[in-house]
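Chemist: Next up is a structure, given as structure tokens.
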Amino acid sequence: LLVKIKTKNAKTEKIHVLDLSPSAILGILTLTMLLAAGGGAQLFKSGKCPDPAVQYNFDPARYLGKWFEIQKLPSAFQKGQCATSDYILQSPRVVRVLNRELLDDGTVRSAFGTVEVKDPAEPAKLEVTFSDVILLRGSYWLLSTDYDSYALVYSCKSYGLFHVELAWILSRQPTLPKDITEYLLSILSSIGVSVDKMVSTIQDEAYCSPMYQ
């Protein structure tokens, strides 16, 4: 598809012709739909997704259990606070996940999904699927974890001319030491993530009490 773009300044007027590939056209259409659906919170960046190093010799079995969200990149489908994720082994390569968050109106929203190891040779590069959100399927890459205290998760999807990325800093406890948080942010920064866009998640015990009633 050929697209003509006119640019104009005080002295000259130019017409640029762009030959858009099918993937680029799909990307533009997807961007339009995401924005129309409330995706303005998503972080859209030009170019393709990065290919970061992931956790060496990742062991999904040690990752099971509860994780508390400490920080995240904004997303259109995650609006609440006090977010937690519970992972339960379903089969050797599939893990069930229950995500919960507290919304502004005091209700608790839950979302069930699966996290699957697609390639046993790269167990840290997982795929997550949810049935009740706009983005049904996405990458779920473990960039770093010690299994017992922290985890860093990154997700990215390319749409031709741009990509959409998500990131989460997780902890086994409602808080995480500052030095560990800064270490994980440095990993994200090294792959080009705009860490200044990361937002902290409230995990205050009193504020989050509806999550445990």
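A Cβ is built for glycine as well, from the same backbone N, Cα and C atoms used for every other residue.
These figures come from a predicted structure and were not determined experimentally.
Quick paste of what TrEMBL says about this protein:
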type	residues	note
TRANSMEM	20-38	transmembrane segment
DOMAIN	59-201	domain 'Lipocalin/cytosolic fatty-acid binding'
Chemist: Mean pLDDT, the domain 'Lipocalin/cytosolic fatty-acid binding' (59-201)?
Modeler: 93
Chemist: Work out, from DSSP, the number of helix, strand and coil residues along the domain 'Lipocalin/cytosolic fatty-acid binding' (59-201).
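Modeler: Secondary-structure composition of the domain 'Lipocalin/cytosolic fatty-acid binding' (59-201): 20 helix, 77 strand, 46 coil.
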